[in-house]
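Asker: Below: one structure in structure tokens.
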Amino acid sequence: MSLISKNVQMNDDLRNLSLSGHVGFDSLPDQLVNKSTSQGFCFNILCVGETGIGKSTLMDTLFNTKFESEPATHNEPGVRLKARSYELQESNVRLKLTIVDTVGFGDQINKDDSYKPIVEYIDAQFEAYLQEELKIKRSLFNYHDTRIHACLYFIAPTGHSLKSLDLVTMKKLDSKVNIIPIIAKADTIAKNELHKFKSKIMSELVSNGVQIYQFPTDEETVAEINATMSVHLPFAVVGSTEEVKIGNKMAKARQYPWGVVQVENENHCDFVKLREMLIRVNMEDLREQTHTRHYELYRRCKLEEMGFKDTDPDSKPFSLQETYEAKRNEFLGELQKKEDEMRQMFVMRVKEKEAELKEAEKDLHEKFDHLKRTHQEEKKKVEDKKKELEEELNNFQKKKAAAQLLQSQAQQAGSQQTKKDKDKKNFFFM
Amino acid sequence: MFKGPVENKNEAAMSELVPEPRQKPVVPMKPMGINASLLGYIGIDTIIEQMRKKTMKTGFDFNIMVVGQSGLGKSTLVNTLFKSQVSRKSSGWNREEKIPKTVEIKAIGHVIEEGGVKMKLTVIDTPGFGDQINNENCWEPIEKYINEQYEKFLKEEVNIARKKRIPDTRVHCCLYFISPTGHSLRPLDLEFMKHLSKVVNIIPVIAKADTMTLEEKTEFKQRVRKELEVNGIEFYPQKEFDEDLEDKTENDKIRESMPFAVVGSDKEYQVNGKRVLGRKTPWGIIEVENLSHCEFALLRDFVIRTHLQDLKEVTHNIHYETYRAKRLNDNGGLPPMTVETEENHESNL
């Protein structure tokens, strides 16, 4: 560990000093909190549950507001995740709340792959954060954190036990996100059935090894309240945004012919407990657990998957840098190999093309020669013919000349011997 | 999916301190930002209390470095700041102890508690700075120490299985002691601050301010500020990191009164019926915490009561990030190997 030069001295045992007056660093938590307040907080909730089980209504009730959303249909071909972000402000605290809904969960005939889009979404958020963290120039302090801090799993109020879809999904999610199971539409279960239902669910979760979120009990101030609340898990909730007049106050409730179910009445349902646990006591802890446990696990797995290790087979500490370097060399080597291959292929192709072209050239030359020869032969023929014709012409001319000479001679001697001519003529014509 | 280190090199072309635009989260659907109005109390503001409780449980680290020639009162000032015997004073030194030949770095850690808040305070002393005849490059061991702390943190951060809370030994604040000559800054002062203002938060302090009168003090401070500005030295709080108008006005006021002219003392005297920290002289008692005598109280409030967290944040978000970006860039995307791990590397090839 001695990266420090020889001139540096550090003491490992820390002395506890007592102060002789007020220094003032007890304002440090305030300074820290002020910084965070000015930046705002992020909180992301994932709601997993069947269509129509009351996810949107519960969110509206929890955050005392109407998040606009149309109810989903039951005809979805697969599970889709829909994320909506809202900015809420209370006193001087700004909260960037993101609510992610699973649309179409539990509607398909074949639900084998229902959990997959959910797991993919959660992993994608971790991946985005990891990418930002691994960047060279990064800005983590104003990064909008989209990682899921809490997953509310809505259990259908059958009164019997968990569905196998629930078990499978929760098992897949428990190492990736803080799961808080809740029983939805709890006003359909009677009090005594509810107690049995809750214990059945908890024992099933335990026997299947599903790790749900444990409310922290290590700090004195919250340990007590967390311990008492944990007993009531899973919380049986009722959601409602409609107000009904009870006594002389308006309260959120559901009106039935046989009575009114008050949402905020602890005897009627566990809504208040859920709100207390989720928001008022453990919001920060949920965020911290997501970052220090679930995210770190994801990061470790991802990096190991990519081939990075902390210790090599001889278990000498192996630094990330070395594997990085080795991987990089490997990558470069592969790149080089690919380049060489491509180059070789290119050269081969060029050669082929060249050979083809040469062939074509040869053909061309041959054709040209052939043509030339033919042309010459033709020329010769033509010339021969020309000569013949000329000879013939000459002969004809000679003959003609000769004939004319004779004719002229005959004419000269003709005038004396016209008779002779006539006779000759007659003779000629005979 | 993970882009290899090769591609990140292109980002180096951008200026270092420009924060990257927010990465678009990889979600199947784009979230819409809607401002929802609340119809009743939810309890979101309790998160402040939750956060406070958590931070008080984990405690804080603070590392402060003091740099200046010997005899300027560094140890006394640190003791006065934290109202306890944080550093052993040089007057406890006997004459036989030699002035160190090179700059030494001595880091001493303490745990102090106040109002339920536990703080691990580390004071890093630099004996030997500026004491030699030839002081060339005497800031180098200091710069090296600061970078080593960044390196240590980076190594921890880059591990696969990381610690839950990485121990923070990075220097959050460096108090630089200026000798109260009354004239101007010495070349050594300028050189040191020029080199180190880029890697650490420097707070210049005029030591032993009881040797100057009020007019001399104001003039000296003005001259020092001017010189620092002319030389392009940005001391903490740096103008470029002011986040909003409120910060800017507050920090402007502080910048106008820096460097603080301080007097340190750990002895108490009776003045007007009260016990105060002070220095007794034939012509009167100089009260350390009296604003009309010296500016110690301003320095204390500034460093401890209002800007302690900010000092840590600027160190983490800006200086450390600059260091990290440089390291990763220089090595084509990975931190370089140190001497120890080089043998491992050879054995693996």
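Residue numbers in this text run from 1 along the chain shown.
Using N, Cα and C of the backbone, Cβ positions are placed for all residues, glycine too.
Curation does not apply to TrEMBL; its annotations are automatic.
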Asker: Checking feature assignment: region 'Disordered' per TrEMBL, candidates A:207-234, A:319-346, A:403-430. Which range matches?
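Answerer: Range annotated as region 'Disordered' by TrEMBL: A:403-430.
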Asker: Helix, strand, coil residue numbers for the compositional bias 'Low complexity' (A:403-417) per DSSP?
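Answerer: Taking each residue of the compositional bias 'Low complexity' (A:403-417) in turn, the totals are 12 helix, 0 strand, 3 coil.
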Asker: Roughly where does the domain 'Septin-type G' (A:39-305) sit in mean pLDDT, to the nearest integer?
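Answerer: Averaged over the domain 'Septin-type G' (A:39-305), the predicted model reaches a pLDDT of 86.
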